[in-house]
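Listed in TrEMBL for this protein:
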type     : residues                                 : note
ACT_SITE : K637                                     : active site, for sulfotransferase activity
BINDING  : S736, Y841, K857, G858, R859, S860, Y861 : 3'-phosphoadenylyl sulfate binding site
DISULFID : C842-C852                                : disulfide bond
DOMAIN   : 112-324                                  : domain 'Heparan sulfate-N-deacetylase N-terminal'
DOMAIN   : 334-538                                  : domain 'Heparan sulphate-N-deacetylase deacetylase'
DOMAIN   : 629-877                                  : domain 'Sulfotransferase'
REGION   : 78-100                                   : region 'Disordered'
TRANSMEM : 40-60                                    : transmembrane segment
Amino acid sequence: MFVESYDGSCPSQVCVLWLPSAGIMMNLIRYSSMTSIKKIMFGLVLLSLLSIWFLSYNMMTPLRGDHDRDLHLKLPPSQALGGSEGHPARRRQGKHSPAADQDDLHLIPAALIITERSDSVFAYNLTSALEANHIDFTSVQIKERHWPRLEHKRTGKFSIIIFQSIHSYVSLDPYLLNTIHEYCRKYNVGILAFAVVREDDNGYTRQVGEFPVYMDQRLSLKDLTINPSASDVLHITKAGQFINGTIPYNDWTVFRTDHESYKPLVQAKTLSQDSLQLRSPSEVLHTTVLMDQGHFDGIQRIFIGNNFRFWLHYILFLDSVSFLSQGLLQKSLDRYIQVDIDDIFVGMKGVRMTVQDVEALLLEQQVLADKIPGFTFKLGFSGKFFKRGNEEEKAGDEALVMHADKFAWFPHMWNHAQPHMFSNQSQLVADMRKNFRFAKSHKIPVEDSYAVAPHHSGVYPAYPMLYNAWKQVWGIKVTSTEEYPALRPARKRQGFIYKDIMVLPRQTCGLFTHTIIMKQYPGGRERLDSSIYGGELFQTIVNNPINVYMTHMTNYGSDRLALYTFDNVVNFVQKWTNLKLKAESPLDLAIKYFDMFPEEQDPVWTNPCYDKRHLEILPEKHNCNRLPSFLVIGPQKTGTTALYTFLSLHPNIMSNLPSQETFEEVQFFSNSKNYYKGLEWYLNFFPQVDNTSTDLLFEKSATYFDNVYAPRRMHWLLPKAKLIAILIDPAKRAHSWYQHERAHGNPASLNHTFYEILTSGPEAPRPVTLLRSRCLDPGKYIQHLQRWLQYYPPNQLMVLDGDLLRADPVVAMVKIQTFLPINAFIDFTDKIVYDDKKGFYCLALRKGRTRCLGKSKGRSYPPMDAQMEIYLRHFYQGFNVQLLAYLSSIDQPIPAWLNEALTES
């Protein structure tokens, strides 16, 4: 839809001209080719409407993440970035003040990241850090021609702007740079940039753009200090701390300036000062992280002299984001820590805990409790294996039971079996009851609400019988898993609630059942220490407000690596950060978690066949080949049932089994009650298909199209599925729905005319407003298609002309078979015939007979009166104009009814 033009009269990154695409132009030509002046004028008016829609559509589209940007942010920088909307730039004097104080401006808590290359490791690390901290962002490459809009209707869309590279920042096209600076001044938005050494950097001194700042690169540093006076900027990082000795890496950048606007946040000494062009031999401290307080040009900035390879820069990055965003992206300092010890009593002889190990565990628990108020280790047990070790280990088991009241306990299975291996719930209950009786006989105080399944089996993918048995035997309200929605990447683990049991995300700490001897640790002690001292484990605590860690009994025997790990990481966190470590019961943690992240309450079901670990804990009866390859998504009253029937005639296409509860349709993705029944329930609606079969399964549920939950849910489970949407004239669809409701006895439709329903206001009774919504909203096709294409690419969607399906279904079936595609292409000419009596196409039977849809389908309704038709034409005109442009932009054919509707408007 974009024709880019550059004739040298303006910056090459700025001159972008929008013109209608070829598809839109062809439709306009179809109208304007008519010789009458009236129709030519109509074409010009329509072109104007399309242009107005294009601008308004892009201005009003919400921005979240890269995928939305690909769909909606293709605007010329001169329009997309936006300026100050006529307001003069405001200069700040040092401190941030809320944007809302400036003429009622507003700011969205989100970041804009400007990267050099999409495949850059550092760019990936930046976005990963934001994801891990639940910070919304949009990423754009420096060379892209279409940038996101910065503001809309006095609302700034980004509260911080992050440049991967200082070089990219200062060398940005002057027009774009000026626009960004105007935006930052207007909304009090700060800029963060990193001094990433480039291959062509020779290490000499260079000025940072036009700022009164110079930087020296490719230096080796030692003796780093965090400025004690930087506490007003730092949030997580503790001011005044220092590192003695050599700092890793030899490609550091340091900054020098005499301007009063600049303040050092972190300083260090160089290993060799000979390479620096120092103005005075007394200069021994060099700034590695520099803050611009805004006195120079009204914009606050922070420059960081290296990337995330140095661990300290990770928390300095988060602090910079917090400060420069006026605190909008600041996170709480509270961090809740829970350490689970799985597999108590489970383990081979020789690697279990002894009495001395139990005593060390008790001692370390007290040490940690002094630093984390209320902390206790959580012990998960399988009673069958009690006292199965050697003599010393048997004594260790007895010591654990003797001191049972000093720990918090939670159940596994009695025999440590994986729950998904049980074929029925009664077996699960019987096994759990053995563990229950064991705990009671040994006076083990079990947590009244928490359990963990061996190997996380049955938690996700969810095995309903496990959840039912947990509640029946233990009254479980909370569990945890590392498998939702997938093990990796860890930053994307989430929680969910299923069958009233809250599932918390579980974290790993680098210790597993086999990591019991320091000398045998993969990568050695150096690797474990790197995780503890600023690496993965440290960052996990920084990133997650609630941390539930998985360890195993064997990590507390032998070299006691778990005690070493948590003792040192807690000390390190408390030395270098202001984080407040706390402990709560699993139930209280779960309540806090879902208060923080209420959007995670609803589970999403993924395809277990895409994840090897999920396959390992999946019941054998689950077969991923039973999932549909394509779906007919609606909307209602457009011919979906007819298409469902025609597709079922194909010998290599099999449909879902009818539901007895929801009008034959499965309605899995749109009906939350059905969705919460889980994947196993959904799979039961499809026949078994051999692994080598080329047959296609499909499902039809017309409620999916306009449902706000369906696209996301469907994409999680069926990301590769193809979708068929049937569109008819929305005015006719609205009238058909009203008549459908009358036929089904809806009192609102029986007591009110169609005109009364459509013209009713918000003060009307709820049944009336609900019926009006169901008549009109599904016909706003553009809105629903945009939602679907946030999750699916256009080549997985087919927009089928409903009028074509009704008038010539044989041709429609040719188009559908081509779209799918299907190996066995068949001709439907002899399978679908027109029934004069019914007035539509039916299935052809032997001896000239036909079988048509039920009497509730294909009804003939009284025609709309002229007043109603005019009302609906006017109501849908704007949506239809947008739909025409949108379908053309994604290379979808334009339905004939859409051309006619716009011509008649």
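Placement of Cβ uses the backbone N, Cα and C atoms for every residue, glycine included.
All annotation found in TrEMBL is predicted automatically rather than curated by experts.
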Practice prompt. Other Cβ atoms within 10 Å is the metric here; tell me which of the disulfide-bonded residues C842, C852 scores highest.
Written response: C842
Discussion item. Comparing the recorded positions K637, S736, Y841, Y861, which residue's C-beta has the most other C-beta atoms within 10 angstroms in this structure?
Written reply: Y841
Item to complete: State the Cα to Cα distance, in Å, between C852 (disulfide bond) and Y841 (3'-phosphoadenylyl sulfate binding site), rounded to an integer.
Response: 8
Practice prompt. Looking only at C-alpha atoms, tell me how far C842 (disulfide bond) is from Y861 (3'-phosphoadenylyl sulfate binding site), rounded to the nearest Å.
Written response: 19
Worksheet entry | Rounded Cα-Cα span from K637 (active site, for sulfotransferase activity) to S736 (3'-phosphoadenylyl sulfate binding site), Å | 7
Fill in: Secondary-structure category, per DSSP, in which S736 (3'-phosphoadenylyl sulfate binding site) falls
helix
Discussion item. Going by DSSP, is Y841 (3'-phosphoadenylyl sulfate binding site) sitting in a helix, a strand, or coil?
Written reply: strand
Discussion item. Between K637 (active site, for sulfotransferase activity) and Y861 (3'-phosphoadenylyl sulfate binding site), how many Å separate their Cα atoms?
Written reply: 13
